Each structure stands twice: as structure tokens, then as C-alpha cells.
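Note sheet for the following structure.
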Amino acid sequence: MLPSQPLLHGAVLALAALQTLASDTFIAAVYEHAVILPDATYKPVSPDNALALMNKNMDVLEGAIKEAAQQGAHIIVTPEDGIYGWRFTRESIYPYLEDIPDPSVNWIPCTDPTRFAPAPVQERLSCMARNNSIYVVANIGDKKPCNSSDPRCPRDGRYQYNTDVVFDPEGKLVARYHKYNLFMSETQFNYPKEPEAITFETPFGRFGIFTCFDVLFHEPAVVLVSELQVDTVLFPTAWMNVLPFLTAVEFHSAWAMGMGVNFLAANTHRTSKSMTGSGIYAPDRARKYYYNMKTEDGHLLIAELDSHPHLSPASPPAVNWSLYASSVKRFSPDDHDFEGLIFHDRFTFTELTKHEGSLTVCQKDLCCHLSYEMAGKQEDEVYVLGAFDGLHVVEGQYYLQICTLLKCKSTDLNTCGQPVETAQTEFEMISLSGTFGTNYVFPEVLYSEVQLAPGEFEVLNDGRFVSKTRPTKPVVTVTLFGRWYAKDPQQPPFP
């Protein structure tokens, strides 16, 4: 006797669930989206016009979601601002916002769209997840009414939040995150009253989520990994690249390695704002990444990851970041040290004048040590070893300790630290270390033409960042980017 069709379907689903539960890996996808922007206006458009613009973007995202699902992806991350863009004032963004409930309400907008206030965007995202049996991560805007009984209530009677949402393969809302560290231009949004540490469980590990600028701060980024032990971080972003250390693919891959987690970074794509750079990163290397400043196309990335990377044999060992550097003497005197600016931070530099050797440069409590051998130094290229130990105060206030080997823009030492994307000098060997006062250090390598070096460098447990084999491309920078969170200024209460 053959089983009925519903019973057979149920058995297939149960078997698939068991297979997923038994799997040590999963397939991840991120989509870099060339966002369709609204017209710049200070006046709010009608709700219908706002939804029409958002549906244009969701049409594109839906195509990427379908393609990812067809290739076996279990989850897809889409970018910050990916549904409505960023040309807004506080008033003009209002028609694009929806009231997003707490996920504890156990809601599937696709099958129950009228349960809460009108939410066509949440309904459509939920249906994309449900119809394609995939987790969908998106960034939208949340609105919450308030009144005079709340002393923090804005004058217009509502809170507006930059918000990430996650829908599971049934279309259920399983996570909602309000961005805590707003970028300086995000005046259309409010700060949440308290930082949120949002996690959710999946058959392939514990996931956490935060947004863009959050990655540079202790809350929520470090809390999710160090205290809540997530396996994978979801990261919608609208990242404007800043060479030499804060290019998206470079810093995001370094963060995954430094924190020992999977990192799924989906960026918006807008070359006029230097927005590009998405990736699927594991602690040992970048699995897939994309950086394109030449065209305005979106791009889908798909790669396999370990469900529990801290249990993987490839997971990097625990590191004492100052062990080696604290045990060695200065490799060189400071007679030829000079100062230069990188992104408004005043570094101390020393020049690499020979084809090979060992150098030291110090600033405050940080001494950076470099051993190197060049394959053949180009006479028209200058490299320096640099150190920075201090408070960065431009687009936010956070304390940095940085050791870097980098190429100068020209042979004029005054250009050292200015943005550079190309190089010709190749190295046989590089070893970089520093006397860091923090355990949060992120190792970066950037080759010529903004290329990463997956698997070509490793961190030793004594804090040395070394080339495993001869680097395969000319080097723009090799950097240890340290964040000393305990020295960050105390943040004032948010209004």
C-alpha cells in the first residue's frame, strides 16, 4: 500500500530536516545590490509611491533569492538600505517604514498579512522566504509610536529605527535588530534605548546579526561572539571603502579571522560613493568575495561554510597578540622615523630602505616589528612600517592600535598613508607583530587592485602574522588592526 501524498510529503520534509540537522556544513549566499534610489526630496511621498519604489528593489532581490535557493543556499543576506536607498530626511523616510513586531509573536506575514498594521514589505519578504524555502535577511525601517509620558519621545511622536529582519524558510519572522551605532549621516533614525544582542538558532548553528558601523564597536558585535557564542554573523551593510585599512572585503575578512566566526557581508553597490565589497568569510579565509568599482551591476555570491567554525580543524588557534613582539629587542633605531596621516590618524613611520631586513617602529605603548624579504623592489615604489596607538575621532570615537606595512602613494614620504590601490613590488616573506594591549586584533592583507590573499597568510599563536608561502601578488598593505574597546570614551545617554 502506497502512502498518501500528504504523508509522503511530510516524510520527505522530515528526512530533509534530519539530513540538515546531521550536516556539519551549510550553503550561504550574499547579494550585493545596486539599489534603485528614490528622487531626492524633503517632502514625504505617498505610501503608494514609496511602496512602488520598494517593490522595484524587491523585484531584483527576489530574483537573487530564487537563484540562490536553486543553487542550494540555506540563507541569503541582502544589504543595508537595499530596499529603499538613503536619500532621506526624518520626515521623507516615514512613508517607507513599517511597524515590525517582536518575533516572539510567532508571525508568518505571508500567510497572515492582516494580523498587524499594513506591512506589505514584510509580507513580500516572508513570501520570498517561504516560496523558496530559504532564510531571508533584509534591512528595512521600523516605526514605533510614543507619547509625552516617554521623556525621550521625539517631537513627532514616533521612534524610527534602521532595522534588520530575518524570515525562516516557512516565512516566519525569527529576528529583528535595531541598529545601535548609527553612522553620522543617519539623522533620519533614532538610537535604540539599549543595545540589542540578537541571536536565533538554526539547524546549522547559532546566528547573530548587526548592521554596518556596528562592526567597529563592542556592543553588539563583540558581545554576540565573545559572550553569546554565535557561529555565524549576518551583516547587511552600506560600506563606503576607505583605504588602506577600511576597505570592505579587507576589513570584513579580517574581522571574521580575528573573531573566529563566519561572517556574511552583503554590501550595497554604488561606485559614486565607493560602495562595493561583499563576501562570505570563514575564520581561516575568505570563501567568496566581490569588489567591483568598474560597473554598476549587482552580484550574487554562494559558498559552503562550516556550521560550527570553532570546532573545525581549520579554525585558527587562540592567540597571545603581544607574546612574540614583547620578547624581542628593537630591530632598528628611531633616527629615521617620521610622522604621517592615515584617515586623520597620526602614525609614526619608518621606511623600508633595503630589499630585506627587520625593522621596529613605536608609538606610545605599541611597538611594531617587521621581518621581510622583497623579491625585487621597484625603485619607484616606497614601503613603510607604521604604528598608531590612540583615539580615532572622525566619524566616531574608538581606540585603535595598528601595525602596518604599506605602500606609499609615491616616492615622496609625505604621501605615505594616502589611498593606494595598485603596486608592483612582490615579497618573498613577511612577518608582522606588535606589543598589543588588546586581544581584539584583526589581520588584513590587501594585494594590488584590491585583492585578498585567501589562505596565503596565517596568525601564529605568539601573535605573529606571517606569509605561509611566497605571496602571489604585489602587496599594498599587510596590517594588524587592533581595537582596544576598554579605552573607548564613555558614550553619553542617547536622546
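Placement of Cβ uses the backbone N, Cα and C atoms for every residue, glycine included.
Look at TrEMBL and you will find 1-22 tagged as signal peptide.
What TrEMBL lists as domain 'CN hydrolase' is 31-307.
Annotation source TrEMBL lists active site, proton acceptor at E80. A sphere of 10 angstroms centred on the C-beta of E80 (active site, proton acceptor) encloses 27 other C-beta atoms.
Around the Cβ of K179 (active site, proton donor), the same chain contributes Y161, N162, T163, D164, E186, F189, P192, F210, T211, C212, F213, D214, each under 8 angstroms and 6 or more positions distant in sequence. Taken from TrEMBL, the feature active site, proton donor covers K179.
In the shown protein chains, 26 other C-beta atoms lie within 10 A of the C-beta of C212 (active site, nucleophile). The active site, nucleophile annotation in TrEMBL covers C212.
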